[in-house]
Amino acid sequence: MSEKIELQNQPGSHQVGNKDEKVGNVEIEEQVHHEHVEEISPELEALLQTDPLQGLSDDEVERRRATFGRNELVEKKRHPLLKFLSYFTGAIAYLIEIAVICSAVVGDWADFGIILALLFINATIGFVEESKAESALDALKQTLALKTRCWRNGHLVELDTSELVPGDVIVLRLGDIIPADGRLLGIGATGEATEGDLQVDQSALTGESLPLSKNKGATVYSSSIVKQGQQMAVVTKTGGDTFIGRAAGLMAVAQEEGHFQKIINRIGNFLILITVVLVVIILIFLLVKNRGTKEGSFKHVLEQVLVLTIAAIPVGLPTVMSVTMAMGAKELALRKVIVKRLTAVEEMASVSVLCSDKTGTLTLNELTFDEPYLTNNYTSEDILLYSYLAAEPGANDPIEFAVRTAAEEQLEILKNRTHKHDVPGYKVTSFLPFNPSTKMTQATVMNLDTQESFKVAKGAPQVIVRLVGGDDDAVRAVNSLAKRGLRALGVARTKPGSLEEYELVGMISLIDPPRPDSGETIRRCNDMGVDVKMITGDQQIIAKEVAHRLGMGRVILDAGHLVDADKTEDEITEHCIRADGFAQVIPEHKYRVVELLQNRGILVGMTGDGVNDAPALKKANVGIAVHGCTDAARSAADIVLLAPGLSTIVDGLMTSRAIFQRMRSYALYRITSTVHFLMFFFCITMALQWRMKPILLILICILNDAATLVISVDNAKISAHPDKWRIGQLIFLSIVLGALLTALSFAHFFISRDVMHVSEKQLEAIMYLHISSAPHFVIFSTRLSGYFWENMPSPIFFIAVMGTQVFAMLICVYGVIVGEAIGWIWGIVVIAISLVYFVFLDFVKVFIFKHWNFEFTAHAWPTKARKDKLAARKVRAIQQKRVWSSIDQVRQVGLKIKALEALKA
């Protein structure tokens, strides 16, 4: 960062100076560092006036602990058994449980065992996959310090951090993890005045890439790390009231039903509705129709409708979905993408906005040497050499480390050295390390070839500029770098023949650079219809520079836009949608961005690596923790990247979209099958009271669902844009296809019975083969939104589907189970008709997909939500039309001006 407040008194860092400080004719501009300020209530402020060398008494500590509680994060753990039982809830699960009960009532114990096994398999897959994740709160607790030194009863004692209360005086020094939020007192452990500031690394909390300089009165946050210095601080907030505690609180709030679960429940509700309504009508009809006869007894009628219910219920739906997602998770694991929440595999396919943290995610989180400003004919190699000679060996400072690393990588003379600290051809005879008053380091160096000595100085830009007697061009260069968010460092050396007169070598510029693959990943995400937004706790100017280097837009807003009291919620949401990112945010702001976008119906992905990202990772539809992340981020996320960089996110998007296509394909097929099954048997029962053997109904259900399990390895056509379920479209298409299949079923029934005059047993076998094959072949059509030949099925999938129907044909041809053989001619004709009819249905499907739109859904199934959404879309369309009209007018004016200028020329 280029800000004075941040880097004050930092070794080797630049100091942009005070506004009244002037060197030469140009003033070094100050870039103000914005930091989140904690509010302290007057009541709490009164408790913070503790004597630093006395501390609190034991009685006072007990009173305050009764008020504020222990300094720890309270967690609510869910019993594993209750978590396992939760997988038996939901519309589809309830439907299957009804089928289990029905099987037991009618004494169909074979089906009872099979359906119950499917129910437990589905629950076990989900429980095992998701139980691999650790609790996010556990990880947050691990980031807290365990022990601290604190003044109590006039003695400096070591105690557990959980014992701290507001008003406690604690000692902070190099390497300490800060145990609670506190305010620095500006004095050492025994009350002595301290020189310099406390350097605190809070990158995992706020996303700021450099340690911050904190002096008396500044706030330090729990879980940040002391990088340099020693001071005492008074504890201001503990436990859930701390900065990190509020992040944990947000993660507890973020527990809600997932997008995929909502979709499955909506499908289940539809299937429950049609199943229950039609079966109840059949039950009442048969009871009334056969009243007074043996066939009209309640038990007999109940057995008939219960078998029909069992066959209609899609018992394999959850299992097929779970297996498909588990196979996708396994495929992603091979690419070093670990899926913790199984449904995230599907939800990632629908993500249209990817919010990404900057520091450590889009960037490397390490300072590197950028293009320097050079003067007096010095080269890039010269400035690196001189800055290396003036660098303090082994200094624990990120800027010094960046300078030394750059020099060792780029300078030939520093490669293949026998001694790590030697510089071939030069000898450092004297070295003055950095101190807060001079704000620079100096080295006296002897050139071993010429035996000439010279001095090198490196430090804050304004100090080096003053050292060389002023340089307006250099000051302008520093200001230019600062405006772009680059950190500047001045380097000077003495002129030949003098050890007192300095000349400027140039200004080193340092930046936390983007990862090598970040730009390409963002471009590929954009090509796939995913908008990438940068959300960072770093400064706005730095965020804009990084966005520019990544090829992103530079509309980076500060966090104030998210909490602007003068704007409505809709206006703030529009800002979120249109902005390329937000800077100077805290965890609550990141969480709010995700929440606002979700409220607009957008599925949001979030990437991050720090504690500050954890709430937003938990809230997002898909939270992605990147390589090298904190435990808190890893546990809050749904997906964890094990390889550096973001390139594997694109792999995840492509895999998830392939999985989505497979799942939507199966859902459309299964709903269509259920609609056809219920529609045909409802009509045939009501009209003719014709029924099929229960064993044949169950055989259709089990064989067809078992075959479609291999859809998890089917070829899939990956969408170029984020996928959506479009439940209205799915159900409408299912009803149309189901109705057309019902018409074909009646054609088979009446032609076989009334035209071909087959026996009753043969009619049953023919209808079994038709009902088994015709809906099942439809899956070859539903697997694509286009024509079936655009992407052929995988060999395994094709063989599995065709194999079940060949089996069905053989038992009908030879009369096994069905009762009477129908012969090869009938078997081949029925299968052939089913195959031809699926091609016809494929054209119907493509026609509906091409002419379907949301407006049709809103009019066909008018709900308040759909009406409001349609109205909002129309308003936005009018607004966008006006905006584009204005843009076109401006362009026209611009073209006319250029034309006039060309004529004048």
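Glycine too: its Cβ is placed from the backbone N, Cα and C atoms.
It should be emphasised that the depicted structure is a prediction, and the values quoted were computed from it without experimental measurement.
For reference, TrEMBL has these:
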COMPBIAS  7-16  compositional bias 'Polar residues'
DOMAIN    34-108  domain 'Cation-transporting P-type ATPase N-terminal'
REGION    1-23  region 'Disordered'
TRANSMEM  84-106  transmembrane segment
TRANSMEM  112-128  transmembrane segment
TRANSMEM  270-288  transmembrane segment
TRANSMEM  308-329  transmembrane segment
TRANSMEM  667-688  transmembrane segment
TRANSMEM  694-713  transmembrane segment
TRANSMEM  725-751  transmembrane segment
TRANSMEM  766-784  transmembrane segment
TRANSMEM  796-817  transmembrane segment
TRANSMEM  823-844  transmembrane segment
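Taking H, G and I as helix, E and B as strand and the rest as coil, DSSP gives the domain 'Cation-transporting P-type ATPase N-terminal' (34-108) the counts 41 helix, 1 strand, 33 coil.
Mean per-residue pLDDT, taken over the domain 'Cation-transporting P-type ATPase N-terminal' (34-108), amounts to 78.
In summary, the transmembrane segment (84-106) does not lie against the transmembrane segment (823-844): fewer than three C-beta pairs, each 6 or more positions apart in sequence, are under 8 Å. Remote same-chain residues near the transmembrane segment (725-751) are listed as 263, 266-267, 270, 350, 664, 667-668, 671-676, 679-680, 683-684, 690, 763, 766-767, 770-771, 774-775, 778, 830, 833, 837, 840-841, 844-845, 848-849, 852, 857, 860-861 (criterion: CB distance under 8 Å, separation of at least six residues from the stretch ends).
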